[in-house]
Amino acid sequence: MGNGEFGHKGWGMGKGGGRRRHGRGWSEGPCAACPGRSLNDTAPGTTCRISRLLGCGPIRQRLMDLGLHPSREVTVIRSAPLRDPIELQVGDTFIILRRREAAQVEVEHV
Amino acid sequence: MSDRLVVALAGQQNAGKSTLFNMLTGLSQHIANYPGVTVDKKSGSYTHDGRRVEVVDLPGCYSLTVYSLEERVARRFLLEGRPDVIVNVLDASNLRRGLPLTFQLLEMGCPVVVALNMMDVAGQRGLQIDLPVLEKRLCVPVVPVVGRKGQGVETLRIAIAGARASRPATLNYGPLEEAVGEVQRAVAEQPALRDMSARWLAVKLLEDDSEAAKLLCDRLENPRPLLDLAHRLRRGFGPGSEAADQVGAARDRLAGDIVTTCVADTKAGQVPLSERIDRFLLNRWLAPVFLVATVWAIYQLSIVQGYELTKVTWPVLAGFRNLASEVLPDAGFLYDPQVRSLGLWMVDSANTLLNYVPIFLILFALIAVLEDSGYMARIAFILDRILNRFGLHGQSTLPFILAGVFAGGCAVPGVMATKGIPDHRARMATILTVPFMNCMAKIPLYTLLINIYFPETKGLMLFYLSTITVIAALLVAKLLTVSVLRNEETAPFVMELPNYHLPTITGVLRRAFDRTWLYIKKVGTVVVAIAVVIYVLLQFPGVPAERQADYRQQAETAIAGFYDALSGNPHLGAVASQGDLVDLVNAYSAYRAQRLNAGGRAAAQALDDRFAARHPDFVPFVLRSRAPEARAAAQALRDLVNTRTTLRREMREDRIESSLLGHVGRGLEPVTRFADFDWKINVALLASFAARESSVATLGVLFDQDDGENVPLEQRMGTAQNSQGYTALSAVALMLFFALYPPCLATVIMVRVQTESYMWMVFSIVFPTILGLGVASLTFTVGTWLGLSGMQTMTGVYFGALALLLLVALPKPRLHLSKAIPAEERP
């Protein structure tokens, strides 16, 4: 079965597989159309409320699994030494994610 | 219920599932793979009340969706493995995040026992958990445990034995509830679906879960009505994944609700300890300092101190070789029995490998400390930006450290450790570049060549070699990512930063021993098997007949000379026959080998006494004495043994030259001459494919000369090569090739296991060979053309590679961002 098993693995876009360049996939598509204030633009030390999650599929699921649901409060703790990724706090959970993914989380200030 | 109980251990990552698993099963556990996938399946067992309880440790998962391999594997086991009880391990200090998985497990309809782990951490954090209320809300037994300290195991075992199918809490899905009920009723009507929870399946269908739909198609003759119903209801909630979001939100709401009723936070508003530590360790300026210090400490403790330790363990291995050489049939004067040569060859191969065991034990223990303490995730956080630039992942750090970022490591555990990288493309790039690191077996060849050609600039040369491999790995990772791996799946980088924990000694030791054992088992079997193949290739077809006759003639002359020298000597009687002479020669060689291994005067004296007791007749020939006859006898014996050693060496060289591998080496000369590799080096490189260590061993054989054992290989190779016009430039080409050389066989097999593809396995051999040969040829040709010295060339290559690295790393991201993200989204 070759590397077929991996066809499902990870957080790719699923069946659209071969043709798209996934590395850039997130920033195109639905999110580009609705630029709001995202976690990517939030300075460390700021607490804000999640208004909605952009993107779809695995990334969305993973963010929700870690507690990033709409209406929950999230604090940006710090950036990595080279500015990317960033660290967040949601409830008692500390999460690290790249800015590319942080740009998918739309927030409003509280 | 049968007398065998199957228990599945389910929980999220960092909930302490493995610790609890070890605590429940003790030492009786084994690791296998789930069918068809590379996810480890750990299982173990214990006996409770005369009943055998089998525990299966499911892969850690946040949820039970189809999006990740681990979650699919866990879910398939829960559905098809039919465990009698599910033990849900929850992190007591973070219930809010753990409970959604609990709800999903409850929905599946199996009896569930909740093991509330890390109660001590929750206590320190000031969390007071009202267990009775929690039990009432969930309607299943809740057992508080502290896995790290082994508290609560007995209670948990009793709860497992007493777990019954109950009516657990059902989650109200709010606006979705009506739809769930409708699908649930439709599912319950299907007799073919009786064996699974209708509610669970209903929710999954509404979530648009692809495997649930597949399950319907498999089980039902006509799944359409049900699928259509689910589809229609799903549409009613809006486009896209709206329904699935509602499900997730309902779970999160309930989790929040339960936490407010059951958990009282007495230290609310205080900054957690982990965060306070991170303010230092992840500080923008201090983080790189701590990181470098950590890696330096690992290097010092494992590689430097580990080598010290091998000085203690090596005599044990050498003693083992001497034992083998005694047990195997005796050597002849010129020709050894095949069994003996093959046996010793295999012992030697195994020994080179086992020699590294102390280093690996320390290295693996330190890495277990890094993982258990939670710092490994922080390393990923610090380095992800750099690694990501080259198509790798923050979690590629561990494999690179294991494989030997600086010097000394092994690619086999490195490739194994790529298992945890969630991004498939980055994982493939890591697997294919990890072998470039300087594993411990590459070092001897470097040291050999550096000692011959760069004795004055040793340090600088070693620095170049140990860092150029990292540069090469990053560049190759980038190259592969934009070429052959272009279409592989990638994943976002989103992970939890675990709290800091003090690692437990047992946990660390267990991991260190497990990994070392795996290394010995996997590498050991392969290397020994391949050693046999290489032996055959080096041995046959053997020395041509006329040369053999020639050697025999020389041997007879030498023996006659020995008897001439001894004529009139009273000790002649001890070696009356040729058989006695062979015995004497063998006894002498064995004595010399043991003497070399015996440390200290007392040990040497004991050895002398043993020898005297065993071979009283040979004493004058072998042991030191002042009597003139004995000295003459000893001198005659030494001359004979020296001649014999020379003859055997020449024969061995002849044999290798006319062997199959020798022919291949000669056949490759037209290709390799651009890099200035002659057939001897080709043979060494081919042999080193089995295990890199053997490159130096083979060179040792090939560059042996007649002047006895006292001249080190450095000198022998140096003189031989100088006379053939070799220069430091050739050495640079050879070292560069060796740095980029394809992974050894054991690693290649691990690549096959981890990628599940023969194609990638072949690629991992062919690509580095071409790359290495290309770089070596280019270096040699250009260096010769410009008339540069070895050092100048190496410096040139190094800074060229460094410039290329910066060229790839620096300007790229801006380009990427501006192309990928529309202007208004940029900060």
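Backbone N, Cα and C define each Cβ position, glycine as well.
Annotations in TrEMBL come from automatic prediction, not curation.
Summarising the annotation, TrEMBL assigns domain 'FeoB-type G' to B:4-166.
In this view, B:D40 (GTP binding site) is surrounded by 13 other Cβ atoms within 10 Å of its Cβ, with every protein chain counted. Sequence annotations record features per position, and here TrEMBL assigns GTP binding site to B:11-18, B:36-40, B:57-60, B:117-120.
Annotation comment: TrEMBL describes B:N22 as Mg(2+) 1 binding site.
Around B:T25 (Mg(2+) 2 binding site), taking its Cβ as the centre, 21 other Cβ atoms fall within 10 Å, counting all chains. Taken from TrEMBL, the feature Mg(2+) 2 binding site applies to B:T25, B:G26.
Using a Cβ-Cβ cut-off under 8 Å and counting only residues 6 or more beyond its ends in the same chain, the transmembrane segment (B:285-304) has close neighbours at 359, 362-363, 366-367, 370, 375, 378-379, 382-383, 401, 405-408, 440. Annotation source TrEMBL lists transmembrane segment at B:285-304 (among others).
Feature annotation from TrEMBL assigns transmembrane segment to B:353-370 (among others).
Summarising the annotation, TrEMBL assigns transmembrane segment to B:397-417 (among others).
Annotation source TrEMBL lists transmembrane segment at B:429-454 (among others).
According to TrEMBL, the feature transmembrane segment maps to B:460-480 (among others).
Sequence annotations record features per position, and here TrEMBL assigns transmembrane segment to B:519-538 (among others).
The annotation transmembrane segment is assigned in TrEMBL to B:726-751 (among others). When Cβ-Cβ distances below 8 Å are used as the criterion, the transmembrane segment (B:726-751) is approached by residues 411-412, 415-416, 431-432, 435-436, 438-439, 441-442, 445-446, 449-450, 452-454, 465, 468-469, 472, 522-523, 526-527, 530, 675-677, 681, 685, 688-692, 695, 760-761, 764-769, 771-773, 775-777, 779-780, 783-784, 788-791, 793-794, 797 of the same chain, each at least six residues removed from its ends.
Positions annotated as transmembrane segment by TrEMBL: B:758-780 (among others).
Tertiary proximity for the transmembrane segment (B:786-810) is limited to same-chain residues at least six positions away from its ends with a CB under 8 Å from its CB atoms, namely 386, 389-390, 453-454, 457, 460-461, 464, 467-468, 471-472, 474-475, 478, 727-729, 731-732, 736, 775, 779. Annotated transmembrane segment per TrEMBL: B:786-810 (among others), in sequence order.
Neighbour counts were taken as the number of other C-beta atoms within 10 angstroms of each residue's C-beta; across the binding-site residues B:G11, B:G26, B:P59, the minimum falls on B:G26.
Sequence-distant contacts of the transmembrane segment (B:429-454) (same chain, six or more residues past either end, CB-CB distance under 8 Å): 303, 352, 356, 359, 390-393, 396, 399-400, 403-411, 414-415, 418, 421, 461-462, 465-466, 469-470, 472-474, 476-477, 480-481, 485, 688, 691-693, 695-696, 699, 713-714, 717-718, 721, 727-728, 731, 734-735, 738-744, 747, 751, 754-755, 760, 763-764, 767-768, 790-791. Its Cβ placed at the centre, B:N22 (Mg(2+) 1 binding site) has 21 other Cβ atoms within 10 Å. Beyond the ends of the transmembrane segment (B:519-538), by six or more residues, the same chain brings 341-342, 345-346, 349-350, 353-354, 357, 360, 410, 412-413, 655-656, 659-662, 683, 687, 690-691, 694, 698, 745-746, 749-750 to within a C-beta distance below 8 angstroms of the stretch. Cβ atoms under 8 Å from those of the transmembrane segment (B:460-480) belong to residues 389-392, 400, 405-407, 428-430, 432-434, 436-438, 446, 450, 454, 735-736, 739-740, 771, 791, 794-795, 797-798, 801-802, 804-805, 808-809 of the same chain, restricted to positions at least 6 beyond its ends. Remote same-chain partners of the transmembrane segment (B:353-370), defined as residues 6 or more beyond its termini with a Cβ less than 8 Å from a stretch Cβ, comprise 294, 297-298, 301-303, 305-307, 309-310, 312-314, 317, 376, 379, 398, 401-402, 408-410, 413, 440, 503, 507-509, 511-513, 515-516, 519-520, 523-524, 527, 691, 693. If you look at the transmembrane segment (B:758-780), the same-chain residues 6 or more away from its ends with a CB under 8 A from one of its CBs are 428, 431-432, 435-436, 476, 484, 671-672, 674-677, 729-730, 732-734, 736-743, 747-749, 751-752, 793, 797. Mean pLDDT for the domain 'FeoB-type G' (B:4-166) in this predicted model: 87. Among the binding-site residues listed here, namely B:N22, B:T25, B:G26, B:N22 has its C-alpha nearest to that of B:M118 (GTP binding site).
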